[in-house]
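Visitor: What follows is a structure written as structure tokens; I'll ask about it next.
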Amino acid sequence: MAKKSMIAKAQRKPKFQVRAYTRCRICGRPHSVYRDFGLCRVCLRKMASEGLIPGLRKASW
């Protein structure tokens, strides 16, 4: 889990627009966040395998 202070800091509007960054809505992780879902790769994989994201499933070929 991310520190509460870092999550609060990310929610504030930055002084310069290029400083804004995305965080996972579930765990607050700052890296590898999918913008379409607002989730990091770890949470996305977990929720997809549990069937909590409609239309998303694990690929197999």
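Placement of Cβ uses the backbone N, Cα and C atoms for every residue, glycine included.
Because the structure is a prediction, the values reported are computed rather than measured.
Okay, these came from Swiss-Prot:
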- Cys24, Cys27, Cys40, Cys43: Zn(2+) binding site (BINDING)
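Tell me about the surroundings of these features in the structure.
Guide: For Cys40 (Zn(2+) binding site), the Cβ neighbour count at a 10 Å cut-off comes to 22, with all displayed protein chains included.
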Visitor: When you measure from the Cβ of Cys24 (Zn(2+) binding site), which residues in the chain that are at least 6 apart have a Cβ under 8 Å away?
Guide: Pro30, Val33, Gly38, Leu39, Cys40, Val42, Cys43
Visitor: Take the mean position of the Cβ atoms of Cys24, Cys27, Cys40, Cys43, the recorded Zn(2+) site. Which other residues of that chain put their Cβ within 8 Å of it?
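Guide: Here the non-site neighbours turn out to be Arg23, Arg25, Ile26, Gly28, Arg29, Val33, Leu39, Arg41, Val42, Leu44.
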Visitor: Looking at the binding-site residues Cys27, Cys43, which sits with the largest number of other Cβ atoms within 10 Å of its Cβ?
Guide: Cys43
